[in-house]
Amino acid sequence: MKFVIKLFPEIMIKSESVRKRFVKILTGNIRNILTKHDETIAVVRHWDYIEVRSKKEENRPHLIELLGRIPGIHHFLEVDEKPFTTIHDIFEQTLQDIGTSLENKTFCVRVRRKGKHTFNSLDVERYVGGGLNQHIPSAKVQLSKPDVTVRIDIENDNMMLIKARHVGIGGYPIGTQEDVLSLISGGFDSGVSSYMLIRRGSRVHYCFFNLGGAAHEIGVKQMAYHIWQRYSASHKVRFVAINFEGVVGEILEKVDNGQMGVVLKRMMVRAASRIAERFGIQAIVTGEALGQVSSQTLTNLRLIDEASESLVLRPLITHDKEQIIAMAKEIGTDDIAKSMPEFCGVISKNPTVKAIKAKIEQEERHFDFAVLESAVQNAQYLDIRQIAEQTEKEVVAVDTVAVLSAQDVILDIRSPEETDEKPLNMENVQLMPFYKLSSQFANLDQSKNYLLYCERGVMSKLQALYLKEQGFSNVKVFRQ
């Protein structure tokens, strides 16, 4: 099984030295991700493409899924590579491989060729196309907008029949740009802005300001872990959690109501700048969009930036909310965001849309900065992979079972896409995506025991912890 990886076009127009560096990094990223799932993987880089081979045909669907989420890949081709001797041999092998798929369809043949041959690309197109037309009575040649385009690449004595073309996410390979620190709240905006910087080639670390207790932190960890695992698992990243409840309390007590939103954001970027400086991170990322809420006017954003010692990036600055939600759906964070409370928005009842610097500074003089200093000093730092390990320690009170009793119901909490792709074929299974547990679990028959199931056990244990904290004792984790 072979895939041919085509590079993001902007990589190809770089200088030779930069392009080589980008391709080398992308090759390493592909290898890091795929070898975790298939030990037979071989990844080889060429001048303008990357070749991926596997000996395990059964891994094909999973490898396609993984390659489709690696930044730097524009598209990739599934190919069947074989040696050939003559132009007639090319036709016979093509007929054998795809003949049945052309029945009752229109088609054309497109060929690209490298090397020395007694024929050119057009000769092959005519010969193979004519042969297929003669041997498949129900098929018909149509050069303009055919049902099927038969694509063949020829290089020296080998032919590659392109069986399928898959679209990648594009962008630059992670590691080609410098690291950034994303301020993640678990909402639509911060998840999408994090993804946009990942796609642009930055390793994205996460900084979370906890305003809502353990349940809020669990939800944000789920989102950060989801984004990392899905789009940037080739790299280690940090998850930083800062308890901001004391800072919020200080603001509520000492800052004028209309200035609270801007002051809170200034405190956040101050703290994030300290974290970024500690790890040599060049910029912080926020999900702010111009005019979306009162604190996101140009005047207010400028005042917020002045509190930061780091560059502040806002990739969503011109995006509409509708566009942001659509992007969240594409990357799979929308359902998590829907279940996440928005704590920042309720801190100020009459927020200013055009804060005055002197007024803000006057209000901040009432603030005890020792509270902010304490919050930063007591920040918790995690390798994002430790979220799974931390879950093992935190959910010690949740039993893990493999055998069902009469009162047990398996609650499959995977996303609808996962359950459709890999259904759990067992008895007594109910589907309830993890993001609906908080609102719908109480509606279930509470005389039953519910065994939460997800593929890796991370999400099920995080949700078990949450439900236990909400007072539900009939929760366990199911592992096959």
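Positions of Cβ are set from backbone N, Cα and C atoms, glycine also.
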Matching residue for the ATP site, where Swiss-Prot names Leu183, Ile184, Gly287, Gln296 - out of Lys163, Lys265: Lys265
For Leu183 (ATP binding site), the three-state class that DSSP assigns: strand
Summary of DSSP states over the domain 'Rhodanese' (404-479), given as helix, strand and coil counts: 28 helix, 17 strand, 31 coil
Rounded Cα-Cα span from Gln296 (ATP binding site) to Cys454 (active site, cysteine persulfide intermediate), Å: 38
Other CB atoms within 10 A, centred on Gly287 (ATP binding site): 25
Ile184 (ATP binding site) CB neighbourhood, other CB atoms within 10 A: 27
